[in-house]
Amino acid sequence: MHLQAKRLSKLALSPVLMLLSMLGTAAWAEEAQRWQTNLTPGVTELGAKIYDLHMTVFWICVWIGVVVFGLMFYSILTHRKSLGAKPADFHESTSVEIAWTVVPFIILIVIAFPATKTLLEVYDTDDADLDVMITGYQWKWKYEYIDPNGDNVSFFSNLRTGKTEIYNEDAKGQHYLLEVDEPMVLPVNKKVRFLVTANDVIHAWWVPALAVKRDAIPGFINETWTKATQTGIYRGQCAELCGKDHGYMPIVVNVVEEAEYKNWLNEKKSQAAEIKALMSKNFSLDEQMAAGKEVYDKSCAACHGANGEGGVGKAIAKSPIATGALATHLDVGVNGVPGTAMQAFGGQINDVEMAAVITYQRNAFGNNMGDVVQPIDVYNFKQGK
Amino acid sequence: MSAHHGPAKGFTRWLTTTNHKDIGTMYLWFSFAMFILGGAFAMVIRAELFQPGIQIVDPEFFNQMTTMHGLVMVFGAIMPAFVGLANWLIPMMIGAPDMALPRMNNWSFWILPPTFLMLASTLFMDGGAPNYGWTFYAPLSTTYAPPSVTYFIFAIHLMGLSSIMGSINIIATVVNMRAPGMTYMKMPLFVWTWLITAFLLVAVMPVLAACVTMMLMDIHFGTSFFSAAGGGDPVLFQHIFWFFGHPEVYIIILPAFGVVSQIIPTFARKPLFGYDSMVYATASIAFLSFIVWVHHMYTVGIPVAGELFFMYATMLIAVPTGVKVFNWITTMWQGAMTFETPMLFCLGFVFLFTIGGFTGVMLSLAPVDFQYHDSYFVVAHFHYVMVAGAVFSMSAAVYYWLPKWTGKMYDEGMGKAHFWISFIGFNLTFFPQHFLGLAGMPRRIPDYALQFSDFNMMSSIGAFIYGASQLLFLFNVLRTILAGKPAPAEKAWEGAEGLEWTLPSPAPYHTFTTPPNVK
Ligand SMILES: [Cu+2]
């Protein structure tokens, strides 16, 4: 069964098909292709310039290589003792030495001009139409769309590929390791400025087709930019070693028409508004248990076990924290336990979800504490009230 | 020969020796052991990357492997290997009886085995071995590091100590112990490159020590040199590290240049072309190596003026490096070449190192480096200069001087087989990595997207071939020592020049107790 699935996926990736899709340049730009051997010019003007510079230097190197290696191999083939060659005895020549110091120097100056010009463009983050804050976390990205009126939209973008694919129990999908639960969405033909930072260790945000790579450094904000000229889905990865799951924090950027982007943004905003409305609502125990189970299964069960029996994380059933003071329990949920795998979930799930999951942990698995946590309790806890 | 002049018997001979040849031998065997260990780590890495998905080791252990591979190869294999060569050869090349500071010499070697034992033991500690890359960027290596980081810091301190002692010794020897008539501009190029390398080491090893000491303070004493939350700066770490790290790559390659500059003239039967310019080029490379470190960190957000400065300085390195390559090729030009194993490795060196130089020029261009940085393109680049550079030249050196060291001749056929298998394996491993990097595969990942499967599989197969070929090397060397045919009395090679070839083979325990006269 598995074998067959694997064979099917191999078929889907058969070279012929790949070759066909390589013929369409748009497909080429969107993500790396099988047997791809070169940089992508991508879908930005800057990326095309970088590509041109890359190719220029590449060809200069090739030609120098042809000359230098040509001489070397000519010498190897002809100046052999076995062919009766007698060694000449020259061993210096000032003019030759000067020539091969000066000529490379001039070639370098010639390369330096376009390199300087392109570099200045890479650094030109002025006049952006849109600002997006990118924050690297171990091991996911957070995107925050900066709104001039303070109505920011933010969300996390996690790897979507499942463990079963990674551990070879299921066939790997087409976008194996390059797929996320929620992509970044950007409008086409708009200059987007990225403000790049990190929450824990250094990461680097890299999307080849957008010609962007910038280090995400905790405590500092780096600026960079892109302007995609074609709609499409562009994929990349974290490029700076950031710990265990460095290989598992992909980037997916969905570039869409401006109208579509606006719709998406508005929808995101209304979702946020909905959550705001829920904040002041009072939920019953049953409601919280149902909502909490959903959050628990999605965000906590991987470490704490589907039945609260524990695993990577401690058991929740009969846990002294889940059956102890609410403030301590909230503290663990919101702030995590530093130095352990228990992360601070306060910034990752919203207050409505947090209230639900805490309620769930306090009442499920035989804990039966009977208390119901409301979103406002979480909010107040976070505000230090 | 009286007992007084010969070596002591048994293990004490090695433990207490102050003889440069004994110490050189120990350095060489130690570095080979580390080469095998680091190579084993590389085999684990390539085995895991043979196919997409996680098959053999989990991502956490994979990171330990990439880190330990880099650390062991750089600090345990390549650097001690060249120190071993220096120990054996510098006194014989300059007509000195021994190194200037023989007791310190003993220390600088004997620090290393316990150091690497300690480093390797971190693999069995709680939380595992260092897993933050051989470049150990903070805060991954401080706040987020496994507890073994303290042992790692101590190990780095000890390695630094050993290197500094070794370098001081080399400087003192070259400055004070040259035979009469051996002026600086008559020194063999290997001695020159090592002299300059030793100065680089003395200059930058303390910087590395400072760097890891600051880490230690951050981890255990509450400072925040590298933590923004306490007013520090993670990028400061990178500046300090690469201020050491860039000269470090020249520390590795300059002695290799020296080796190649000794060997090519021998087999071309023609003196080295442009000796003076070789010396000046080496010195300029050493100088430039101090002002290019930011090219390792183009993407951290350096202001554009700084970025431009470091880009121009980096591009400049191509000039003296080019001079060297041109000189080597002109040395071959109109020579009468033969192609014994050492020469093959040197030709492989010139060819592959130059390719690494080309990708180096490409990487020097900051705007394009925004695409190359931290991708497999970089991995390919530095293996072309480190493996085809340093390791190929080491193999060449061993084959070249083995007859002098042991008085026995290695098996030429097996040597040539070692070269060709290495050459094919090496290129099969690392050439496709250029493609992977350009297509967008980041370095240091345990698993990858399906598009990268084919080249990764090729690369892994190449790595297994390259790895296996080193066992052939070991076998050939052991066989030479135990059962090799006697080498010619003095000159093992028709075209060999230099004082070491005026000595009998094997070189006696003490040589040049009365200095030779150099015309
Ligand atoms: Cu990351």
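Placement of Cβ uses the backbone N, Cα and C atoms for every residue, glycine included.
Annotated domain 'Cytochrome oxidase subunit I profile' per TrEMBL: B:14-519, in sequence order.
Residues or ranges marked as transmembrane segment by TrEMBL: B:27-47 (among others).
Per TrEMBL, transmembrane segment is recorded for B:67-89 (among others).
If you look up TrEMBL, you'll see B:109-129 (among others) marked as transmembrane segment. Within the same chain, residues 15, 23, 26-27, 30, 34, 37, 60-61, 64, 67-68, 71-72, 76, 80, 146-148, 151-152, 154-155, 158-159, 161-162, 165 sit at least 6 positions outside the transmembrane segment (B:109-129) and bring their C-beta atoms closer than 8 Å to a C-beta of that stretch.
The feature transmembrane segment is assigned by TrEMBL to B:149-177 (among others). Among residues of the same chain six or more beyond the transmembrane segment (B:149-177), those with a C-beta under 8 A of the stretch's C-beta atoms are 75, 79, 83, 86, 90-91, 94, 96-97, 99-101, 104-105, 107-109, 111-112, 114-116, 118-119, 121-122, 125, 130, 132, 136, 141-142, 187, 191, 194-195, 197-199, 201-202, 205-206, 208-209, 212-213, 215-216, 219-220.
Positions annotated as transmembrane segment by TrEMBL: B:189-217 (among others).
The transmembrane segment feature in TrEMBL is assigned to B:249-267 (among others).
The transmembrane segment annotation in TrEMBL covers B:279-298 (among others). Beyond its flanks by at least six residues, the transmembrane segment (B:279-298) meets 185, 189, 192-193, 196-197, 199-200, 203, 235, 238-239, 242-243, 245-247, 249-250, 254, 257, 306-307, 310-311, 313-314, 316-317, 319-321, 323-324, 327, 363-364, 366, 369-370, 373 of its own chain at Cβ-Cβ distances under 8 Å.
Under the heading transmembrane segment, TrEMBL lists B:310-330 (among others). The list of residues near the transmembrane segment (B:310-330) in space but at least 6 beyond its ends in sequence, with Cβ under 8 angstroms from a Cβ of it, reads 257, 260-261, 264, 272-274, 277-278, 280-282, 284-285, 288-289, 291-295, 298, 302, 350, 353-354, 357, 360-361, 364-366.
Taken from TrEMBL, the feature transmembrane segment applies to B:342-362 (among others).
For B:382-402 (among others), the entry in TrEMBL reads transmembrane segment.
The transmembrane segment annotation in TrEMBL covers B:414-435 (among others). With a cut-off of 8 Å between Cβ atoms, the residues of this chain six or more beyond the transmembrane segment (B:414-435) that come close are 46, 340-341, 344-345, 348, 352, 359, 376-377, 379-381, 383-384, 387-388, 392, 395, 399, 455-456, 458-470, 472-473, 475-476, 479.
Annotated transmembrane segment per TrEMBL: B:455-475 (among others), in sequence order.
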Considering only Cβ pairs within less than 8 angstroms, which of the stretches B:27-47, B:189-217, B:342-362, B:382-402, B:455-475 has the most against the transmembrane segment (B:67-89)?
B:27-47
Sort out the residues at least 6 away from either end of the transmembrane segment (B:27-47), same chain, that have Cβ-Cβ distances under 8 Å to it, and list them.
55-57, 62, 65-66, 68-69, 72-73, 76-81, 83-85, 87-88, 109, 112-113, 116, 120, 391, 398, 429, 459-460, 463-464, 467, 470, 474
